[in-house]
Structures are given as C-alpha cells and as structure tokens.
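**Q** Shown below is the structure under consideration.
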C-alpha cells in the first residue's frame, strides 16, 4: 500500500456496485461475494487489498495508508482515478481514526458499520444503525456511502457526517463543521462550518476567526451547499441564495469532477479535475494570502514569501526540529522551542524584527497598550512576563504584548509593524533564522563562548564513558546467559533465536526467569516478583496472563517499548515468550507505587506532605507521557495510566510503568469516539486530582464534581489534602486543578495535548476555568468531535 490507496480492484455489475467484498462465511473458502447489492455480513480487511468501487468507477472505499503515520491506516472513500497522487481521500471513518493494518471493517448482521482495531480487537467506530432495518450497503456514483433499508430508503449516509471535504450535492448545517486533517497531533486546530450567526467561517481552535463570509446577522440560514458547477452557496430558510463563491471554471461542461476541502494548512479551496493533464487544479481559495491563515507556520514559526510562494521560517535559534511529509508529498516542518528565558545566566536582550507581526497562539490573546515604538520595546524588555511585543507603524500607536512563549507570526515588506523578540544574552541566542533581525543590548563574549565549548567537550567525554560502561555490562549479561544456556542444555529450547535482541532487550526462557527470581519467592504484588540479573542488578518480573497477541505482535510491542528511553520511564530489561509462560523484566524501582506513597499512613513516606514534591511528580508524569505520544518514532499510548502504574525511585522521581502493553491483552469491547492518546490525557487528569486531594475512595465522577465546585467557588482549601494546608502554593494548586478538569473533558477535542499540560503545570502559560461539570464524565458512546479548548 502506498500513498492513500490500495490498488487491487474487482468490479461487479448492479445499480449499487461494490467491489471485492467478502461475506464472513466465504472468507475461509476464499470465495468472493458477487451480486447487485451488498448484504449484511460483508467485511473488508486491512491486510488485504480489496476496495469498494462505485458503479461509475470514480470512487473507491477501503483501507487507506496514512502518510503521516507510517504504521497506521484510516478507512475511507477516495477518488479512483489511477495515479495514487490524485486519488485524494474525500471522507474518512470517524474523522480519520487510525488503526493497525490487521483491522477489519464490516457491516454487522444487525445493520451497523463497525470498524474493529486489530490490536485490541475492540470496535473504535460504529455507525449506530443497529436494528433500524438496514438490508444492504451501496457506494453511490456521487461518492456517498449509504446504508439502505427494505424500501430503498437511505438510513445512513457518509454525506451526513462530512470530515474535511464537500462533494457536489453535499451540504453543511449548523453546527456541522469540516475539520482539516492533522499531520502531527490527534486533531487539527483548523475547522470550517456554519456558525450560529449564519456566517460560514474558518476558525482556529474555536477562538480565532481568520476568514468569514460576513454577510450580516439578520439572515436566518438553513444550510450551505456545494454544487456540480463549482458554486458554494449559503441558503436562507426559503432556499434563496444569500451568499456564494464560485470556482474560476464554474459551469465549464468539460469539468466533471470537483470538490471543496479544508486543507491541513488551514485554507479552504475548491479543486477541479483536469482530465487532459490528469491533475487537480485549485480554482478558488478562501484566504488569498496564506500568511493570513492564523498560525499557518505553527508555534515559533514566521510566514513569509519568496519567489516560489509562501515559506516558513523559524524563530528558534536551533532552526528546524524535524520534517514531515504532507499528503501531497511536500514537506512541512516544526520549529524548535525558544530558549528558556528563565535560565538566562547573563540577562535577556531583544531582537528587532522589521516588517513583522507576531501574535500569541496559546492563549491567542495579547495585552494591548498605546505606546510608542521605543516605549513598546522597553516595556517588553523590563517586563519579566513578556516574551515578545509588536509595535504598529500605521500611526495608531498600538503596542501588543505577548505574555506566552507560544507565538507565531508573519513577515513581508509591506507589513506596517516592528516586533521585538526576547532572547538570552548569549552568542547562541543571536543566531536566529531571521534575516532582518538586529540584536539589541547584546552581551557577547568570546571568553564565555570558549568556556561553554570546554564544558560541552567535558560533558561529551563523560557521556561516552558512561555509554561504554553500560554497553560492557549489557554485553557481559548477554554472554553470561548464553553460556548458561549452552553449558546446562536447557530443557526448553529457544524458538526464533533471530529475535533474541529487540532494542537491547534480552529474551529469556521461563526456566531462566525462574532462576532470576529464585523460583518466585519475593512477591511484590499480584504477578509481580523481585529478582536479580547476573550482574546483581535488581529487577522486577511481571508475569503476563490473558495475552492474545501472536509472537510477532508480542515482539513488535516489546521492540517499541524497549526503544523508549526517558528519565521518567521504568526501562524494560528483558522478556519471555513461551506457549504457557509470558513475562516482562523491568528495572526495579525502590519506593513502590504512587498510590502507596500517597495513601498509606507510613511515617517513612518522605516528603508526602510537600506540595513541591507532589507537583514535581505530576510534571514528571506529564513529561514522559508527552514523550511517549510525540517523542518516539511512533506514538506509544499507555492505555492504563493509574497511580498504581507510577513508581517512585529512591529520589522520589516518578517512573511510569506498564506503558504500551494494551495491544497484548483482551480488552472490554467498547464503542468510543476516543483514541488511546486522548484516554491517556483523561486518565492523567484524574491522577492530578488525586495528587491534589489525597483521596483514594472517591470515584472519578464525584472527584471531578468536588474539584469543579471548589475551583469555581474559590474554595480549594475544601478540596486540597489537609496535609498540604498552609504549605501549598495556591496559584499552582488552582492551575493544577483547572488543567486536570480540562484533561477530563467529555468532548475529546477540548482536551489539551500532554505537551500543553506540561507547560501549564510549569507555569509557562495560564489556563482558564473549564466548562461546567456536566461536560465531564468519560462516555462510551459515539460522539461528534467537538471544538477545541481555549486557554486564557
């Protein structure tokens, strides 16, 4: 599979044609189902190459490889025009839910479309049409996937739940939205839809409208639709057109394929098919200047233009962080974070950025003052909470102060503004990727630069020595175990010996595991035993039960988990996989779990009554979940983030264990709109509340209600652990409770990313009061994706 398609196609005749569909009963025999319609019970498999094709051959439905996540797939409808580059997706199940390759999509016997993830075996999306009289499914010639009843009535259609694209004949009604595909996070911040005012608008994070139809509030709008001639109209209650935009080739009879899409860059465009050239052509776009799309270059980025069009530059002194390939094959980039101003050893200085407008992203609100250019510059330099400022040169005297490091902007010759960016007064900070920047108040010293190079060299030597020692120990361990196997001729031979080492993780037989634990005599907890490696390093052996993963899947999970290295992770040292015995060997963490440390009345639980210590533990957990979600080669989800799975070492540093193992076990079959990263965020919110209140026996929903009431009433002393009264920083406590409640939002798209959580816990950005407690409580039903959260 390449691009966004799979190639193998088989066509059947009939008014409602689907290609290469397999009925469950015929899978084993390898027979294909053929007929005029698709009955209940058909199934598509992710590891197969079957697609569903409309009768006119224009559209196909099936598993589509996700270009932004190499190991994942989405299920959806795409064009079927031959070349993979032009076969753009037009609709995806659940707004683009990512699943593994061995997943299945089926029409159940009771009449519902169901997407089942191969790793968990659980449904991750459902059309919720059970027992409504569905008898068959059709992919229509207009690209609408429908479920049909006995009297040929459409019971469910993909046109009623648009994702990022409108096809001719498809409409939007309030509060429906199109949401752009996301390249590097769970959901995109960009959406397009009919607002309560009746206008159609492009919106960033539900907080900033950067394009609008602006036809006035006096019109009662029924819907907005896109037609075959390339015209997008807004209709009032009498079906009269009150506003429209059209493609440059509208009504051209030679153009027979069009669609309108909100792209991942936040712009809304109409595309027309050029049959002679075999390409898509942009024939209208909402925002003429791409740099006017809010946050178009992301955090720490500046949008500008060169001879080829819009480009992104980075404010960061280290420039680009890494590249990502878009669905069109072009490469986009993320900029590295700015220098931490809190660690400036020699004070801060300002860079002057002429013809540049900088604005805040999180939160998207600036402090507005009336100051001259010099006063605007001095105000930011002398205000420790200011990260950047912008002075308008249009005679207004407006000065905007950015009190967050999450900033973005745009720069070109006719922008009537000068911006000032605060950086540390060291030589490295002056090397910023902005051609027009001029450092002010710079204190650059060749001596300091030389000393930093000496320090860097020394650190590199120490690091090399440490790595050499570690590799020596690992080599000895491997040699010892190999020699022991050979000399004693183990009665249980190793299978698939080519899999002995996964990311430095050693494979052991069950007899060797018994030897490490002295026949499991030192029990630490249920199925948990203390042991020691040949080099006397203490380890924890976790015996696994109810493992349903194959040996190949088990190895894949161990490989992914073993390749993750972070200060706040419990590292995995080895594993055992035999028919009746499966286990994982972890490093031993001395001080037990976080729930024991918080709730047991043990006088030896040091620093339990220290708020700073609790906050440090919370930040450590947040940092490592951020790393698992965004810092590894592929997203690793925890799936079972609880106090019991957070351990504390001898220095009370939080160490998360049990991560990435969800794909090994049977799970309760649920139907949920959430993806696992979003569940991690929810679970972390509950951990935060228990760290603050110190209560174990209160269930999650009651805990949220108590926290919300206390926070809203300004009465957090009624919620906080009594042992912390008088010693906790109330501003930090309030910030922690608020972000915990944001994490537990019922609308998953309102939940922050774990990276944002870290910044809020560290006090880098502030957080507003979340919605009322009725928005909470984790639901197991399908929900429509909501709108993004807002920080202030």
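Placement of Cβ uses the backbone N, Cα and C atoms for every residue, glycine included.
Okay, these came from TrEMBL:
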type     : residues : note
DOMAIN   : 37-160   : domain 'Bulb-type lectin'
DOMAIN   : 163-283  : domain 'Bulb-type lectin'
DOMAIN   : 344-424  : domain 'Apple'
DOMAIN   : 492-765  : domain 'Protein kinase'
SIGNAL   : 1-30     : signal peptide
TRANSMEM : 458-482  : transmembrane segment
**Q** Cβ pairs under 8 Å with the domain 'Apple' (344-424): which stretch of 37-160, 163-283, 492-765 has the most?
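**A** Comparing 37-160, 163-283, 492-765: 492-765 has the most Cβ pairs near the domain 'Apple' (344-424).
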**Q** Using DSSP, tally how many residues of the domain 'Bulb-type lectin' (37-160) sit in helix, strand and coil.
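**A** Split into helix, strand and coil, the domain 'Bulb-type lectin' (37-160) gives 6 helix, 54 strand, 64 coil.
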**Q** Can you tell me how the residues of the domain 'Apple' (344-424) break down into helix, strand and coil by DSSP?
**A** 10 helix, 39 strand, 32 coil
**Q** Looking only at the domain 'Bulb-type lectin' (163-283), what are its DSSP counts of helix, strand and coil residues?
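**A** Within the domain 'Bulb-type lectin' (163-283) the tally stands at 0 helix, 57 strand, 64 coil.
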